Each structure stands twice: as structure tokens, then as C-alpha cells.
Amino acid sequence: MDGSSNMNGEDEDLYALLGVDKTASPNDIKKAYRKLALQHHPDKVPEEQRAESEVKFKAVTQAYEILRDEEKRHMYDAHGMAAFDPSRGHGGAEVNLDDILSQMFGMGMGGPGGPGGPGGPGGPRRARRSPDEEQPYKVTLEELYKGKTVKFAAEKQIICGQCKGTGAKEKVKPNKCDRCRGAGLQEAYQQVGPGLVRKQVIPCDHCQGSGMYYKEKDRCKKCKGKRTVKENKALELYIPRGSMQGERIVLEGEADQLPDQTPGDLIFHLVEEPHDIFTRIGHDLSADLTVTLSEALGGFSRVVVKHLDGRGIFIDHPRGKILRPGETIKVHNEGMPQKRGEVKGDLYLVVKIEFPENGWLNSEAEYEALQKLLPPPGPPIASVEVDEVEYEEDADIEQMGAHQGDPRYGNDWEDDDDEGGEGGPQCATQ
């Protein structure tokens, strides 16, 4: 790929090309690409800069096409650009299949010292990398507010210490695997669609990709020839305060160890659990502020909500300033903390008024006294004729129009022709 090499012919780091970290999320990579694509688009620069911009534009586009795709990104992390362009030789020399396999899988057809082994064409290769392991991790809003350090034991595969990853007893010479002839690789065919088959190279399932095979009596007693064993390792997961839903916490190199490979990462995706009191959007929080009718009219001074760190939030609401249902009070700097500095978001309290139960006053005199305290009703509505009607309390406004056949009622309109209903016009059969 022309855009992935610098002037000296050396591969450029695709992450550096886009200006992102190796742990960047797909969304971060997309944002970085859009910014650079606009900056270097040939149509956006003067004529004299167009050739240079075209080269840069192609480079960032190629980088994005690889890093946006999860499978291609993993191949790049493991093998570099050789995974996508194994035909590139050194000094124009032809590259054979063994050299390609050496670039892609860290091993050669000819074994150590052979054409694809160490010292073969192209020199030392970039080490393979075992797959990352990703899993969700549930956190409460309290934990995201205060931050949390979790210590846990994880079961993982590690290189067998007894045989040092060879899979055999000491001083035992391996036999070349008859199935892959020592390459550690075999061809396989995968159906990708009706009548479409793709040929691919995969690790040999007989020798687990090592190219070597040991008789059962010669295998390591500890790992039984598998070259790895299970181990419980104590790990620590640090969740910074202010972390958000979907963020990734990466423990570098803590995935399973595999022979001849650099361990991948153990990645946790934060999953925020719903909260009984607070709702979070970004760095802001919201909660209900439930007050009595007396407090809404006459003011109050009290703790209105217990915050995520256990503090009581005290509000002094003055008399004479009436609270109405649905009004919102904004408390500055009492939302979620940001990761850097002492800045926090805001807390929004939505007013809900708790009205008294029916018959809460005991006498007519008390009701009359209350009415004298409250503002008087508005002027009467003038009308020629007056009817006193009966009414139903606690009616449901959602039932409005339910029994009149109005097609605007409800979300699903019915078509009598489609449903075969009786009410619609019917076509007469001649």
C-alpha cells in the first residue's frame, strides 16, 4: 500500500498516522479519520499543494480502512502491514510462500535457519500477538461517581514452566508433523456464500501450529504436550471516577499466553446499571424532587436527596416562591465528576408535588379557612344555558376517542380491506 509507507520505504504506524492511541475505540478512529480526510482532501487545498495532499489523503484513508474493521485491525496488530501486502520484498527481490508465511505467522516452512526461519529473507519479523479477550463489566452509578479498584483472580493460559512451552520432555527431539510437513499451517476451505468458497491458511490442528509432533511418551507430563497450562492470577481493575457507559478498561498483556506470541490484552467494557433515584446523561444527573403541597406553597428547608457519595443535598426554598409540578431546579457542580480536575456536571431536580389524601380536613370551617387563605377563583364563565352534569374521576386521557371509530385513536390504524373487516366497503363480485 503506497499510503502506508514513508519516504524511506518504512511502514508507518497506522495509529500514529491517524493520531490515535492503540487502545482507541472505533468511534475515536472514525472521528480522527473524518478530521484528517477533510484537512487533506485534494479539493480543499490550493493547486500547488494538491499532489502532497493526495498522498496524505490516500494514506489516512488506507489506515482507516484497516483500523475500522475489527478483523483487519487485529491482523495489523499481530502482523503489521505484512498481513495485507506480503508481496513486498527487500530491494525488489521476489518473496516466496515461505517468506509470506514467516511474515504472517512467525514461522517458516524450512524451520530454524531455513528460507523462512530466522536469518532468512527479510530478517526478523514482528512477533505474533494472541487475541484480545473482551467482556462486559457491570458497575453501579455510585461506583462510577466515586471510582473503584477491583481485585480479582482470573483463570488464564500461561506458557508451561516445566517444558518452557515446547510441549515435550527435556532433550527429546521433536518429529516433523506429517500433516503440515513442519510448516505449522494447513490450507482450509470456507464457504462464504452460495457456490462461493474461500481458501485460507490456518494453524495445523494436528500440531497446534508448532510444526512439530511428539509421541505421547515424550510429551511433557505437566501440560500433556499442549505447551500451556491454566493458572489463577491476581489482577487489579481500576475504574476512574467519572467513567462512562461503554468505556474500555484495558489490562495490557493479560490475555492468554500462547507459544511464540505476545499476549493480547484483557479488555473490560463498562456497563452502567440503572439507578433507583438518579438518571445520568453525560456528566449531568437528574432526580425527582418530591415536595408536599404545603412545601410547594410555603417553602421548606431540608435535605431533598441523598447523593451518590452519601452526602445529603440540603435546599432552602424561600416562602412566597411557589413550586409548580414539572418545574426544574438546577444545582451547579453536583453532577458526575469529570476524570480530570475537580469539575463536575450539574444536578437537575424535577419537581413533583405530593397532594393530600381526600378528606384530609375534618370540618367545613377548616375548608372555608383554607379557601380564604388561597387566591380566589377567576370570574365566572358567562353562558345562556347551564347544565349540571355527572362526571367520572380518575379517567384515563389515553382512552380518548377509543369508542368512536376515529382512525387517529391508537398507534396502529386498521385497513378494513386488508383485514377483511365488516365495516369497510366491499367489492361486489359480478
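From the backbone N, Cα and C atoms, a Cβ is placed for every residue, glycine too.
Curation does not apply to TrEMBL; its annotations are automatic.
Under the heading domain 'J', TrEMBL lists 13-80. Mean predicted confidence for the domain 'J' (13-80): the pLDDT average there is 83.
Marked as region 'Disordered' by TrEMBL: 106-137 (among others).
The compositional bias 'Gly residues' feature in TrEMBL is assigned to 107-123.
The feature domain 'CR-type' is assigned by TrEMBL to 147-232.
According to TrEMBL, the feature zinc finger maps to 147-232.
Positions annotated as region 'Disordered' by TrEMBL: 377-430 (among others).
Residues or ranges marked as compositional bias 'Acidic residues' by TrEMBL: 385-397 (among others).
Annotation source TrEMBL lists compositional bias 'Acidic residues' at 412-421 (among others).
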Just give the helix, strand and coil counts over the domain 'J' (13-80), going by DSSP.
55 helix, 0 strand, 13 coil
When DSSP states are grouped into helix, strand and coil, how many residues of the compositional bias 'Acidic residues' (385-397) land in each?
1 helix, 0 strand, 12 coil
